């Protein structure tokens, strides 16, 4: 078996070589050969000075244009190009990078299926399960079996079914890749496991169980699924509770699986198809979104539409049955959705997947449905960065969807692009899709661009702390809890190999942190499109589907960030100038300034100096977040332009273990990674306490953090700042992916900014631009201690309630975590209560988490009103701050409760309160001020790091002036 598989892999590699070395036409014809970027091969040869990233082994000129004779222009052919083969001569071997990458894709594809074994629920004993740390779990579920969604133990059929459909699709389209990876049986096993579960959830023709587990209860438990106890309700949909999206997704999964198993197990395939037909009938005859009827349980995957799911389901049934009625239905749903569709493929949007499926079946246009036009719009969106898609500096395509699980969207888009590549007759479209998809997968695998792997257990520097309960648990019988596992500083004891994590933000920033479920969780839908894309690359590259280059542009356009990235990789400034001019990007100095986007004139000057200077020793900066319980240290390496390039060290120290701050710092600096020349040159310390004259005394600890003492004892230039001041410094370096926009108006460049943080207390700060330094300066404020200004009779009653209790009602006392509890207790007190006595337990002490949980799942009406009143108060205070500072640069709500309840925030109460004066008093000022909620919980660390970087800039400036 292994020998035959190796032979198949060798055959694929040989096919790739044959495709690359195919005989070229005469020189003139070859010179006019178009490339995926829209240029001719002659132009590529003219740009022979564009640097190694473009010309070296694996680049387009080497892999394709090397066959063109001559060079043309003043550049000639690059020396790194293979020589053109003479007539009847042996063709040169293909670039070795293609062969090695194909082998990596084969390895990653095989590993991806191992992740799905780890996600299985039900009776695992007696099955061929290769994951030794998983066992039987949740055998008492209303429907045992299936897969857990992500790092929790919920079984969510809506995203699961879409994932199974994508997985089956990849196996159907790219069977040679599966054979090469030895993954065919693993795919069949897991798809059958999923199909068994979906059919078991469809016990009656008119009912469908689409979810097992209540999110609030499930997320309150951290431990092994094998040991979880408690109620796990099943949520059922039917004619009175329509679920067109969830049932439609299940129909797609079962129809696709039936095609995959039709030859090997025809009776089982027929059962899958019967259930698919029945589910589609239920979904199409009773239209509605599943999340509308059970919002308290389905908010974790709330649906935005059902038309896309019905279109894809009808398409799969048409492929499985060849019945025209299903084709007509698919077209009808796409026509109905033509004004609400998007191109961001996920569990919540499969419009572009439905287009690709129908195009692959040779379906032509129909009234109101132009599949080719929609496919081209999809490619423009992802390959050219249109419709809100952007590219990180290192090349990952980012969907404009809030930054949660960015890898997932790019991987899904890569899968659809490879389906386009397989089925199109246009060679330029085929090459462009293949090139772009390869660049995205290479980024995720750490083969190019990202410089790290985002796949657990694979490649260079992979994630070791993914947000996953079972993987975080030590071997049985050691306990596994929030304290012992979730809060553990070390790597996960179990390796959930093959799992793709959520990934970086739009600035390539990523931390391997277990608590960061937005960037570091794993999920069944994350791996679905990724798995299909890997198979597509293996089969299409291995059978002559394209040149296999990984160094090509990440977009099909001839200019923009992708083209700039190629030119910026040039080995010399003159080479960059030639490349930039050829691509219409301007001169290299302006190009470099654009790419680096320096945050200040001083940073720009430093960049220019560094560009002309030889490489120097690495510069490291130290940042610390010092709280009452833990002290978190990070050491970051900066590149030549003072940008963070990688995290060298991250350590958590319990403050109770050290008598003085200097003891903890000394312990850190003893680490081998920080010895010798790697010792940090500058540091910034953010403290949870008042700071005066660069000195903070943390009363509860007895710690003193003093700038002068640290610099004298450790020889590290530093600054000491309050932790909310650090948040303020982090705001200017946030990216679009870190923000939820509530009031979408343009921010004024260099305009004042206001920041408030309703967390343990209510932090407030204002930022003003300083022309002398070319940076924002943060000014902390005590405005939160001003008297609360209520709106309406109920808030006035709340103010009186707090004054009676505390003597004074400041804004902070009703706009922080404890303030939320005060509001809740006020609402359930006798006087203003609207709620029946039996709906409240007045003796129970509640926490902010209890209230937000009760509000989100709508199990507690008092909590719903309390949270809405709290958000209204925060919105009004944001409006006050906007007026005090004329914050034309924006008001930012950071940390605390709002980012955790973003759906309630979006409901509008916070924005209405923010704009209240504008609507009542016709004040136009607030109408021109943007309002954001910051979703990046590391904004304080970003600000602390920014302060350390400013110290390095100042040090470099001093050296420059002195010399």
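For all residues, glycine too, the Cβ spot is worked out from N, Cα and C.
Please treat TrEMBL annotations as automatic predictions, because they have not gone through curation.
According to TrEMBL, the signal peptide annotation covers 1-21.
Marked as region 'Disordered' by TrEMBL: 76-98.
Taken from TrEMBL, the feature compositional bias 'Low complexity' applies to 77-91.
The feature domain 'Glycoside hydrolase family 9' is assigned by TrEMBL to 105-534. The average pLDDT computed over the domain 'Glycoside hydrolase family 9' (105-534) stands at 95.
Marked as active site by TrEMBL: 512 (among others). DSSP assigns residue 512 (active site) to coil in the three-state reduction, outside any helix or strand. Sequence-distant neighbours of residue 512 (active site) (same chain, 6+ residues apart, CB-CB distance under 8 A): 463, 464, 465, 520.
Residues or ranges marked as active site by TrEMBL: 521 (among others). The C-beta environment of residue 521 (active site), restricted to residues of the same chain at least 6 apart in sequence and closer than 8 Å, consists of 150, 151, 405, 466, 467, 468, 501, 502.
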